[in-house]
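Quick look at what TrEMBL lists:
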DOMAIN    591-857  domain 'G-protein coupled receptors family 3 profile'
TRANSMEM  591-616  transmembrane segment
TRANSMEM  628-649  transmembrane segment
TRANSMEM  661-685  transmembrane segment
TRANSMEM  705-725  transmembrane segment
TRANSMEM  754-775  transmembrane segment
TRANSMEM  787-807  transmembrane segment
TRANSMEM  819-842  transmembrane segment
Amino acid sequence: MPLGSSLTTGLYVLSDLDSSSPQCVKLEDSESLALESEGDVVIGGFFPLHYVGPEQLYSYSSRPQLAPCSGFDHRAFRWMMTMVFTVEEINRNSSLLPGVKLGYRLMDSCDHVHTSLQALFSLVTRAKVTTRAQVETLPSCLAGSPVPAMIGLASSSPSRAVAHTLGPFSVPLVSYFATCTCLTNKQMYPSFLRTVPSDLFQVRGLVQLVTFLDWLWVGTIGTMDDYSQYGIQAFSNQFRQQGGCVAFHLNIPKSPTVAEIQQMADRLQSSSAKVVVVFATEGQLLDLFVELVVRNVTGIQWVASEAWVTARLLTSPRFHPLLEGTLGFSFPGVTIPGLKEFLLSVRPSPEPGMEFINMFWEELFGCRIEFGEYKTAAENPLCTGFEDLRNTESSYTDVSPVRISYNVYKAVYAIAHALHTLMNCDSGGLKGMCEKQKSFTSGQLLNHLKAVNFTNQFEEKIYFDSNGEPAPLYDIINWQKDSRREIRFTTVGSYDGSALVGQQLQMDHINIVWTKGHSQCSPPCPPGTRQARRPREPHCCFDCLTCADGEINNQTGSTECTKCPEYYWSDKDKVKCIAGVEDFLSFTDTMGIILVALTVLGVVLTTFITTVFHYFRSTPIVKANNSEISFLLLLSLKLCFLCSLLFIGQPSVWTCRLRQAAFGISFVLCLSCLLVKTIVVLLAFRSSVPGSRALKLFGPAQQRILILCTTAPQVCLCAGCLLGAPPFPFRNPTYQATTGKIVVECKEPWPPGFYLVLGYIGLLAFICLLLAFLGRKLPDTFNEAKLITFSMLIFCTVWVSFIPAYVSSPGKFTVAVEIFAILASSFGLLLCIFFPKCYVILLQPERNIKKGITGKYPR
């Protein structure tokens with residue numbers, strides 16, 4: 001592009017109808033305002049001087065009118081004036097672009113796509129600057145634009161629109177504040193570069209920040225533009241991957257109504273998430289924050305993106321209760337020498353191109369200037385001319401340190417260094433001057449701009465990577481009150497997106513001021529519990545359920561409980577496994593004491609009856625009942641009572657081996673005696689002839705042999721079981737899950753052995769019952785068969801009931817059931833057989849005579 005190319009009159013737009021190459025269609029002259037200065041090379045610039053864009057109303061019956069923007073942004077005006085300052089600084093620098101004067105043409109983008117495109121075409125086509133070259137009658141549209149490079153824009157959506165327009169013509173666009181990751185696409189935006197890192201790194205840093213501070217339950221607020229949509233989406237995805245949950249997301253419309261603002265405020269107030277991540281600009285947030293202030297909302301921890309984290313507009317005293325403690329990422333700031341003095345030297349002027357300065361002056365001081373095309377409300381007083389910027393405090397005059405302004409500063413210097421190389425300023429020209437007459441294209445400048453690599457006065461290396469982006473460096477900003485109770489942007493940490501993962505985030509905990517220490521839908525479950533996710537809610541929302549018995553959890557926030565090893569059980573807090581409590585029927589248990597007492601009672605009664613029978617052994621009633629068999633029966637009953645003691649207490653090797661053998665042999669001996677007594681009674685009373693041989697053939701010797709023969713099989717069976725598969729103590733964990741105790745019991749290696757022992761007892765009992773039943777109608781005076789029948793009915797009933805109760809009883813109650821069966825059957829035999837005789841012996845001795853026994857005693 002020749003340095004002498006001038007700006008020409010008119011506005012042109014692209015048209016590719018019926019043409020293989022872009023053409024220009026001339027529109028009407030634009031009335032867009034611009035802050036401009038002549039120069040050999042003119043750099044364009046776009047700044048959002050107004051943060052409320054115009055509302056376009058299309059009737060399609062008349063030409064659309066350019067509606068004015070509103071909401072003057074002092075900070076954006078500082079960015080614009082920083083570019084002016086930088087251009088003038090470069091023009092004064094004899095070592096950079098010597099002999100070449102840089103000019104500028106700065107436009108108001110209104111932070112809106114439509115106004116940004118209007119400003120773009122006005123910038124490249126409107127003739128306001130005249131240079132030494134011949135004025136061309138018609139430029140070849142953007143390809144012949146008199147502005148070879150442009151700086152802007154502040155927001156991502158307008159930047160995408162402008163970059164997409166400039167890309168096919170290789171016109172460089174260097175942004176100082178557009179951070180959307182979408183702009184990294186070099187196929188769609190080949191001529192786009194920026195001095196601000198992509199949101200890709202900011203999002204990673206914000207995720208690390210909120211998780212580092214244990215904020216896992218957050219809300220998000222954004223707008224409808226690309227910057228917010230891409231940023232919120234990337235943050236939400238990465239945040240969920242780190243275990244966080246997004247409680248809600250609010251979208252601020254471009255022109256929100258009062259009802260929409262109130263609805264968003266209601267959602268913020270009702271949410272349990274008290275940490276809110278916001279991707280928006282201060283102008284877009286202003287209405288919502290005003291509504292929250294009116295409602296006196298406090299207690300929200302705001303996490304700001306770089307778009308508003310250093311916005312002075314939101315630091316007025318009325319926002320302090322709401323926004324104090326805000327945390328966010330910002331770009332590293334510096335103090336630019338001479339910038340503040342330059343900013344304070346600005347004065348209004350009636351000269352063309354000074355309209356923005358005049359607007360600023362009227363806005364800041366609340367007065368109106370007589371000259372100028374754009375005036376404020378007529379009721380404002382006239383400006384006196386004695387207004388002094390030094391006596392004001394605003395985001396315009398706040399320059400220590402500057403961040404976005406520094407990005408503007410770096411962008412201008414990057415273009416200047418690219419021009420310096422392109423124009424051979426180091427090697428060509430007279431007296432070391434640049435080749436001013438050299439023609440170049442915007443594409444050539446773009447190539448040199450991509451290759452820029454220099455170190456500025458702040459010792460920062462300025463370069464662009466393959467995506468046209470700088471090194472991703474951020475400061476972590478915290479909104480804190482100073483001694484004057486004013487909000488200051490305090491740097492409390494840093495983030496280096498290019499460093500190793502563990503070294504990216506550095507924070508100073510001591511100096512941080514925040515609102516919320518934790519933000520969680522549900523606090524982490526303490527040890528001894530586990531997390532149970534609530535249905536249809538994010539995974540951060542859960543209930544804490546106590547670990548089941550036998551399970552523990554000694555960690556906070558665990559989702560599972562761990563089962564204790566075998567023979568171990570969880571403690572009462574469910575945080576550690578302890579050795580399981582052994583459970584058995586002990587002598588100190590209430591049930592054990594009762595059973596021991598019944599056993600002792602049975603032994604005492606048996607001993608008492610034995611003593612009575614021995615004392616009255618010469619009486620007829622004792623002699624008639626075969627005293628030898630009676631004493632053996634009493635002995636066996638005493639053994640039956642005593643064997644129950646082997647079932648009480650902690651099982652040992654010997655008690656396990658003896659208990660079933662003693663039980664089986666004792667009862668078989670008892671039943672053998674009853675069998676003999678029953679046979680004797682039947683033979684005695686069924687003999688038709690006195691002195692019958694049948695009774696003599698079944699004398700005492702035969703009775704002893706029968707007892708021995710019926711007892712011997714049980715002895716052999718018990719001995720075989722003890723030798724082949726002896727019972728042993730066993731810690732049974734089966735009931736640990738329900739009772740928490742380990743049952744110590746005797747394990748039967750061969751269960752059929754026990755049932756054979758029990759079955760043999762049942763066989764003898766059945767035979768006794770059958771024989772006794774046959775003799776039930778003997779004379780009433782001495783009907784021992786009836787007593788044996790009744791006792792055997794009790795015995796059989798007890799042991800038939802015993803089997804299902806034994807099988808279904810848990811733990812130590814199995815042993816208790818068996819002891820109860822032993823005692824019940826033993827008491828039944830003892831009382832039914834011997835109590836009537838003792839009654840006669842002790843209380844009715846007159847019946848204890850031979851006549852009484854034969855039935856001849858008068859009643």
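Using the three backbone atoms N, Cα and C, a Cβ is placed for every residue, glycine included.
Counting only same-chain residues 6+ beyond the ends of the transmembrane segment (661-685), those with a CB under 8 A from a CB of the stretch are 625-626, 629-630, 632-633, 636-637, 639-640, 642-644, 646, 692, 694-695, 698, 703, 706-707, 710-711, 714-715, 717-719, 721-722, 757-758, 760-761, 764-765, 767-768, 771-772, 774-775, 778-779, 784-785, 788, 791-792, 818, 822, 825-826, 829, 833. Beyond its flanks by at least six residues, the transmembrane segment (819-842) meets 585, 595, 598-599, 602, 605-606, 609, 612-613, 616, 619, 621-622, 625, 630, 633-634, 637, 640-641, 643-644, 647-648, 663, 667, 670, 674, 784, 787-788, 790-791, 794-795, 798-799, 801-802, 806, 848, 852 of its own chain at Cβ-Cβ distances under 8 Å. Within the chain, the transmembrane segment (705-725) has long-range Cβ neighbours (under 8 A, six or more residues past its boundaries) at 629, 632, 657, 660-661, 664-665, 668-669, 671-673, 675-676, 679, 748-750, 753-754, 756-757, 760-761, 764. In terms of C-beta pairs under 8 Å, the stretch of 591-616, 628-649, 787-807 lying closest in packing to the transmembrane segment (754-775) is 787-807. Beyond the ends of the transmembrane segment (787-807), by six or more residues, the same chain brings 674, 677-678, 681, 758, 761-762, 765-766, 768-769, 772-773, 775-776, 814, 817-818, 821, 824-825, 828-829, 832-833, 836 to within a C-beta distance below 8 angstroms of the stretch. Averaged across the domain 'G-protein coupled receptors family 3 profile' (591-857), pLDDT in this predicted model comes to 83.
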